[in-house]
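Student: Have a look at the structure that comes next, please.
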Amino acid sequence: MTDLWVALLALFAVWTGWRVFRVDSMVRASFSLMLSFIAVGAIGVLLSAPYIGVATVFMMAVEMMVMAIFMVMFMMNPAGLNPMVMVHQHRLSIGAGVVAALSLGAAVLFSRPPDDAVRAEADVVAELGHELLGPSMLIFETAGVTLLATMVGAVILSSRQGRFGAADEGSRPPGLSDGGAPAGRQPEGGGGHHHHHHHGGHG
Amino acid sequence: MIWSLAYLPALAGQAIWALGGPRGRVATLALGAAAVTLALAVAVGGRTGAFAWSDAIALQAALPPLAQAVAILVPAVLGPIILFAASHEDAAGLPRLLGLMLVFTGGMELIVIAADLVTLLIGWEIVGACSWALIGHKWRQQAPGLSANFAFVMTRAGDLGLFLAVMATFAGAGRVGYDALGALDGWAQALAAFGLLLAAASKAGQVPFAPWLFRAMDGPTPVSALLHSATMVAAGVYILARLHPQLSGAPGFAATAMVVGLGTAILGGAVALRQGHAKKLLAGSTSAQMGLMIATVGAGYPVVAVLHLIVHATTKAALFCAAGLAQGVTGSFDLKDMRLGRRVPVAAALAGVAALSLAAVPSLAGGWSKEEMVKAVEHAGPFWTAAMVIAGGLGAAYATRFWVAAFGPGDDDAPAVPRGEIGALSALALATLALSALWLPAVHDPVASWFGIALPEGSILGQVASLTAVAIGVLAGLRLARTGLEAQSRDWLGLPELYQRGVIEPFHALANTFARVDDAIVDLIPRGVAGIGFAAAGRLSRADDDAIDGLAPVAARRVGRGAVALAVRSTEALASLGAGIGERLSDLIPTASGRLTGMAGADLRGLQTGLAHHYYTILTVGIALAVGLMNFGG
Amino acid sequence: MPIGDLAPELTVLLTAVAVLLLAMVLPQRRHGWCAGLAVLGLGLSMALALGQAGAERLTFSGTYALDPGTTWARLAIPGLAILCAGLAPRWLATDRRHGEFYAMLLFSTLGALAMAGAADLMQLVMGVLLSSVTGYVLAAYHRDWEISLEAGMKYFLVGALANAFLVIGVVFVMGIAGSTDYATLSGQIFEDPLALIGLTLVLTGLFFKLGAVPVHTWVPDVAEGAPVPAAAFLTVVPKLAGAVALFRLVHLAPGLAALPLLIALVAAATMTVGNLTAIWQDDLRRLIGWSSVSQTGYALMAVAVVGVAPMALPALLGFMTVYGLANVVAFAVVAELRGRTRIADYRGLLRARPGAVVALTLAFLSLVGIPPLAGFLGKFALFSATLGTGFGWLAVVAVANTVVSLFYYLRVIAPAVFAAPEGPVETLGGLARAVLWISVAILVGATVLWAPFWASLGQGLLP
Amino acid sequence: MLTLAVLIPLLAAAVLALAPVGAGAARWTATGAPALSLLALIAVWAGGGEGFRAVSEVPWIPTLGIAWRVGVDGMSLALALMSALIFVAASAWPMELHHPRSYYAWMAFLAGVSIGLFVTLDLIIFYVFFDLSLVGMYFLIGRWGHGEAQHAALKFFVYTLAGSLLILIGIIVLALNMPEMTFDMRAIIDSPPLAAAGMVPGLIFLAFVVGFGIKTPVFPVHTWLPPAHVNAPGPASAILAGVLLKMGTYGLIRIPMQMMPETFARWALPLAVVGVISILWGSIVAFAQDNLKRRIAYTSVNHMGYTVLGIAVAGSALGSEAARQMALTGAVVEMIAHGLITGALFLVAGAVWQRAGDYHLPNFGGLAGPAPRLTGAATLAAFASLGLPGLAGFVAELHIFLGTFAVYPWLGAIGLLGILITAALFLRMIRQMFFGDMPKERAGFTDLTGTETALLAGLLALVVLIGIWPAWLLELIDAAALIPALGPGG
Amino acid sequence: MTLTIVLLGAAALIGIGLYGALSQQSFVMLMMGLELMLNGALLAVIGFWSLSLGGMPEGQLLAIIVMAVMAVEMAIGFALVVAIYRKRQADMTESIGTLKG
């Protein structure tokens, strides 16, 4: 029974994953992606990894909400809700995806992973806790530092205003002479080809 | 001590050149050096010397009688020539001229005293280089420079034979002394013998090297006199005579020497007979006379050849002085313009002595030594003797013709007074007269015993034939000189026709073919690459047209010059090809790889499009390949 | 948990946090002080590392290795980071978030250290991730300069895909081998295709850090677009760490014949692509970027002969050290010349700025491997390690590439030395110039110091 | 002592690079430094001894068997002496220069490097100096050359670096195959590794031959030479031809011949053929050149062809011991002789350039009038180069041909053609330059100055001395000690 | 059996994700492709942990790491997209093509 659910959920995850690139707006795409994640999270719950599964579901739900809001609020107004097709090297990409999936599938079929299912009585959440604060503490801590660094970095890059006014003002290389233009290649005319040219409801 | 024979004149020559000074002082110093050399040559007879370079190579010197005779001859002839030069040549270049002549003499003496092949080679090449400098003495003019280069390259081509001989001797015996030469056998012996013959033939102006002697005539007259009498040209004969004991064992050596010698003697005689240029006539005669001597060596009588060499040296030096004197009077070497008998009667008489000696008229020295040579060749067989007799007849003809044309009684009787020239001429003519004493058994027997040989015995028939030929030759010479010096009728003995049909026309056809090929190649050549080779070839063909009548001698000369021209041209073509295509081909190694690399660089640069999805593609393809390798490549 | 084992890493971490805090309180024009603090912290970290130099053990339950490789990384990485930090104060003087730059630099250094010492695939992933995310930020640090942002974005795009592959690879390897622990993985023959794919994907993740083909595409863009101090850092420090990490990983699968071959082919491709593409560059920074791709290719020669040649590890470490030095010198010259980067702008520079041209020449000749500069000794070590194994042909490929590389290095030097000078040249001066000369001095001194340095390099690594 | 001989010029270079001295002082510093080296080398020579002498050793990287090792045998001492002498002449040669101080710094640097290359006994140090010579020459040609100097310098550097890297590979493989890794030349010569037949020794030999062949240079890897010469300043050309080319042939003797004799013997014939081809090719192509320097440059290919032929014969393990010694003696003498002669010729060419700014031979003529000393020097050098007896070139070529003929008769015979063509081309050059009419634009051409005359006279006097009395040189070289002992048939 | 199905699902997700990463012009859509690949990794690690490795704790840790990678990459990615958008109003990969060659 569980196996059937798992199989169906896996199929659902794949199908929704496929939908991500088939739907005609980014918001729908991100909801499809969320559904795919939720399916995987559900598989986790079914396969005795409740913590991981639930964490996945919650985390991804939040992330995808953020992503959707992000697109609506911040990015290409009103493109976030508009139908769109924005692809390049499409055939090659399909080919690459198919080849990757098929060869991984073949590898899966030809591989002999150990056959040792999780014991039903195991207290997996506690084991995870012990692992995190025990043998793998260094990894966990490194992950923590990484998250910290990511937050700092993201703030640096994205914040508009800093302590001293506009955060990015003056953040450019020194010129060849004091106050001159930076050396080397110059930016190409201020975002000349704006995306509006590329999609306009033909989708 | 023995080495001083070589380095003393050489050093003296350099000193004289460096010091310079007025005509008289230079001449005196040079004469003094020649005299000292002469004295040394007399004094050091029989001595030996060695100068070690390393364990393997030591320069050796020795002076057996045969060598000593030549060693004495060289400075003895040099003296009068210095005298001649001092009065005949411009004062400006005189120190250089006399100095180089002394260096040249030193080189010749080194050849004479050499007792091993390396020493010989050293002298051999130094003589060649000095002759280059001497022929090119008048460097401001175009012709002497070209001629000097031509002569040097030509003789050096023959020198390669000497190089081969040295190499073969070392390879065969591990040493390079003359004694080692005798110890050779098999291919080493053959290579050594024929290498030496080649070298000797080139120095002695034998076919096919004869043309360089003509080109050498662009040098000053004293140089010609020296070159053609006791040095350079004589070196070829000398070395064959000196090494005859060691070489005669090589199979085929004797016959080849005789073919070359007698062939040149006849062809050279014919050339001389048709010449209108005084010095070139004499040059042709030198080839012919050297041919006779080489044939004599081939017949097994080296001492006889050397005796003729000595006689010929005084004779020929005298004749060149006479020719120079005549040119001094008329301003050119053209025999047409001469007939100076009334203007310079004394000189004419002295030249007459020399000319008769060259003609081998009995009672004069040349007559004796030539008859001895005929006797020597008789031992080789009747055919050789016949050729020898014919050559002798030709010699009598051109000698007579020369004298009559140059010093026969002419119309103009305004006296001209060449002083120093007369002195030199009379010294040489007197020497010729003195050598005539060799007719006397009281003289020639002790000479023969000093050399340690017996003079050859000949048949009466041979003597008669030879003398008859001389007589006919003299008469023919008289007639030829009288009937003028322009082109003769083409049916002279039928030979010109034969040459024309058999050699000249086919050769022209061949030359034209080559010329077309050459043109095709020349098109490939960047302009200006040609230079000396083409200039030389052009000059050769012009000289051909100017000086040669299209008669018998033409064949010899054309073949020789044609061969040279061909060699020069083919080298030229190869050089241009090398400089052009070949260099580009070898330059392909760096440039082509460089260019390919550069193109690959430009192409690869194109891969870095600056577009992220292309980066992704590269990454994905790379991973696919890596996965494939990991799964299937192990 | 012997927390002291990680004292150098913790020092870097604490310094990073301290710098972050300091940057919050300092007025903007004093942010240069943060550089001082960072340098102090890195120096302290090096001193602590020196104190643990002899250690040879696994720590933190086998997730982190203390061995010669880690010791070297703990000295070389902070050392080079100090030089890069020294280039920054003048360069970023106008930046309003100047202070945080050093925090990111320190976090990135920490990531590199974590990567170099990782003895567990998961730790490796975290090290790579920390190093990468901070790297993106460093590359894009000139937020008011599109070129820099573009460089950061491209770095991110390539890195994100590569890291995704890395994680997938780790999952597969763990799924088949049952562990991510090097000590457990060591010697296990990888037979299952899934495990082999996993291993390949993990390698790809490290190739990304090293800038090796096919994940080299970010290097020239970052070298050209990133702030020069960051470019110097990013083309050097992650590579050093990646090289050690890769060495450790390849060390794990001795029986896998295809693995050395793969590395060798990647090495050949990397050096060739890097060199050939560098030929016609007309931007100096980009040229250095491509040259650093090719240098990665040379370094991989040593990895290809892991386990076969006893000198492989010292050769790798020695080569990477001098490569890093020479690269920092080259970027220091660019920094000192205020980012002057078009090759045409270097014409006749010898007259105006002889010091800079001499330094650049020394750096380039060292990168070519002209003796007696240390770059030669590095290449010599690589050749010595490679020749005599089955991968001698790699040395020949490297020779051909070295010849090509001389060509493009001379394309910069020749006009600088031979041409007539053009116009006035301003410099950055200050700490940047000091760093330039300090690094030149170290580079030149490396020739003499090579013998003790070489002797101190370990021959083997812990799993 | 030998270390001193290397360090003095290098120190002088450092001083010149840093200290602000005037042009005159720079010139005398750059002249004095190799002169002091020359004295040091003469002291070593006077010290006498057999085999490697004046040896000293300072460890550098002991774990890898690399050390600063110096010491000379007859061959290297002779070459070092010759190099020092040529550097004295080339540095003292009067030049009008921009940036004279840097120029003389590079000259002194090259002097130290070149002497160092010949006196070192460590393969890595050898390689170091080998490469440094490229760097020095690159900057000399590129900065002070004329015409297409930068391109020529680039080609020179890139091409010869390719060769040197092959040598590096060879060196490393040799050292790796020693029982204990070492780069000590003496140790490797004493027990040559890679004796077995097989692909690896063959490939390593090939690497050495190509590497040294490029530097030498031999056909067909010689094409870097003419442009480098044509565009270099005269004294730099003199050094390039006189000293740097010798590094190739010296290396050929020292490394492949002495350190892998079996392999060398196996491949001696192809090498000899390459030598003969170089002889002919160099002379024939030189014949077609209209540019004075190009012509002299190609004769270098020709002369180095003789040297390579001699070396190949010496290592052939065929023929008699005496013949091989003869060939090797000839090869080494050819190196010395060619250094002196071609050095002199290129200095002459430099003098011509300084006066006329032109190398195109048809634009010349009749210079014997205004410039007799120049004519004399050029003629003497040309005759020496074409192998006239009594001059050094003859001694060399005679030995080479004697040895060659005893081993490979046909090659010896074919190679002889080279001396004929060389004669033709040099005589043609002399005639074009000095004889005949003087073109109008050459009016005012001046003769050699006193300094120039003295320097050329010094070099040429040695040429004459070697030509007449080579015994001292042959004894110094001691070719018998150079040829590795090898079983018959190798 | 279940494991195989799960892994095949993971393979499909990775393939689709790769397709997305290669084909999408928009930064955001491209990142969704990367997320999908990591989703596949997550599915695989859950499958391995539960069905193959006997629930060993490192498996869960790896799952967390996969999530951490997702989060970190997304955060920094969005920050970069924001920064670029602010300077250039660009949200597509083609619009950042200055650095090339």
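The backbone N, Cα and C atoms fix where each Cβ goes, and this holds for glycine too.
Here TrEMBL flags C:118-404 as domain 'NADH:quinone oxidoreductase/Mrp antiporter transmembrane'. What TrEMBL lists as transmembrane segment is C:6-26, C:33-51, C:71-89, C:101-118, C:124-143, C:155-176, C:231-250, C:256-280, C:287-309, C:315-335, C:356-378, C:390-410 (among others).
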Student: Would you kindly list the residues that approach the transmembrane segment (C:71-89) from elsewhere in its chain, counting only those six or more residues past its ends and only Cβ-Cβ distances under 8 Å?
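Tutor: Contacts of the transmembrane segment (C:71-89) (Cβ under 8 Å, skipping residues fewer than 6 from its ends): 8-9, 12, 31-32, 35, 38-39, 42-43, 45-46, 49-50, 52-53, 55, 98, 101-102, 105-106, 109, 112-113, 116-117, 227-230, 232-233, 236-237, 240-241, 244, 317, 320-321, 324-325, 328, 331-332, 335, 430-432, 434-435, 438-439, 457-458.
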Student: Among C:101-118, C:155-176, C:356-378, C:390-410, which stretch has the most Cβ pairs under 8 Å to the transmembrane segment (C:6-26)?
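Tutor: Selected stretch: C:101-118, with the most Cβ pairs under 8 Å.
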Student: Could you tell me what the rest of the chain brings near the transmembrane segment (C:231-250), counting residues at least six beyond its ends with Cβ under 8 Å?
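Tutor: Here the qualifying positions are 65, 69-70, 72-73, 76-77, 80-81, 83-84, 87, 105, 108-109, 111-113, 115-116, 118-119, 124, 127-128, 131-132, 135, 138-139, 155, 182, 202-203, 206-207, 209-211, 219, 222-225, 259-260, 263, 285, 288-289, 292, 296, 299-300, 302-303, 306-307, 312-313, 316-317, 320-321, 323-324, 327-328, 331-332, 335, 461, 463.
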Student: Residues sitting near the transmembrane segment (C:256-280): Cβ under 8 Å, six or more positions beyond its termini, same chain?
Tutor: 189-190, 199-200, 203, 207, 211-214, 216, 220, 250, 287, 290-301, 303-306, 308, 391, 394, 397-398, 401, 404-405, 407-408, 411
Student: Look over the recorded stretches C:124-143, C:155-176, C:287-309, C:315-335, C:390-410 and say which has the most C-beta pairs under 8 A to the transmembrane segment (C:101-118).
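Tutor: Between the candidates C:124-143, C:155-176, C:287-309, C:315-335, C:390-410, the best contact partner of the transmembrane segment (C:101-118) is C:124-143.
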Student: Among C:124-143, C:155-176, C:315-335, C:390-410, point out the range having the most Cβ pairs under 8 angstroms from the transmembrane segment (C:356-378).
Tutor: C:315-335
